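Heads up: the structure comes next, in structure tokens.
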Amino acid sequence: MESYSVDVAAIAYKLKDTANWWRDINGSRLWQDRIFHILAALYGLVAAVALVQLIRIQMRVPEYGWTTQKVFHFLNFLVNGVRALVFVFRRSVQNLHPEIVQHILLDMPSLAFFTTYALLILFWAEIYYQARAVSTDGLRPSFFTINAVVYTIQIAMWLILWWKYIPVLVILSKMFFAGVSLFAALGFLLYGGRLFLMLQRFPVESKGRRKKLQEVGYVTTICFTCFLVRCIMMCFNAFDKGADLNVLNHPILNLIYYLLVEILPSSLVLFILRKLPPKRGITQYHPIR
């Protein structure tokens, strides 16, 4: 019994020590800057990889215009490049006024991240419906319409907050983006799952079948998970000040969050989709029309 009491006391002491460590780092200006600069470096690395891959694709198929693959890598470069710059100047961003400018700089890349991966959902949907001999004429207009609605609603909320700061509207803005993230997660589950099941029905000896199955399966799992985690985190962010990401004194939370929902997923997807497109004359390539 005495040994049990000692163990409980030791565990309680360790938990308290861990809490103190977390609090000390969050409150340290030096550690805040270090963590934000680490995030900036990681985002910069992902942006560089996306840019290099974009250049390789352009050199491989220069005769095509802006294909789906090129746009996807360009948007990855743009999102990660802007994130890198924001985290390099994170302390200066926090001092910008009015406060809504901070929200725009911190949240606009998240909207662009949604567009980037919604493009991947569009690409898979086109492949799926084309394989089933179903018209895909409505897919691209739907893609642009959905993005236009998302950006219009979010920008409208920013403009209202610029005119008059309404705390309830800040919560609604975060919940709106949680809903957008859930929508993206379900999109990956729906079309990634459909494409995966369709590929499974291909003959076993089909060329590249196994590799495509793995590619679609891995990317679907990664993207569904990252958008679902973002959705859950944004719900906490909306109602719990301890989960607020747009402040300087939560650097560890920022590190964990952005690693899980943007940096790691982007890195893994870029690695999985690193294969260059076939040269001209091979019909499996899908340019943006």
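Heads up, the Cβ atoms here are built off N, Cα and C, so glycines get one too.
Note that the structure is predicted; figures quoted are calculated from it, not measured.
Record features, source TrEMBL:
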DOMAIN    18-289  domain 'THH1/TOM1/TOM3'
TRANSMEM  35-59  transmembrane segment
TRANSMEM  71-90  transmembrane segment
TRANSMEM  110-129  transmembrane segment
TRANSMEM  141-163  transmembrane segment
TRANSMEM  175-197  transmembrane segment
TRANSMEM  218-239  transmembrane segment
TRANSMEM  251-273  transmembrane segment
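Sequence-distant neighbours of the transmembrane segment (218-239) (same chain, 6+ residues past either end, Cβ-Cβ under 8 Å): 110, 117, 120, 171, 174-175, 177-179, 181-182, 184-185, 188-189, 192-193, 196, 245, 257, 260-262, 264-265, 268-269, 272-273. Per-residue pLDDT, averaged across the domain 'THH1/TOM1/TOM3' (18-289), gives 89.
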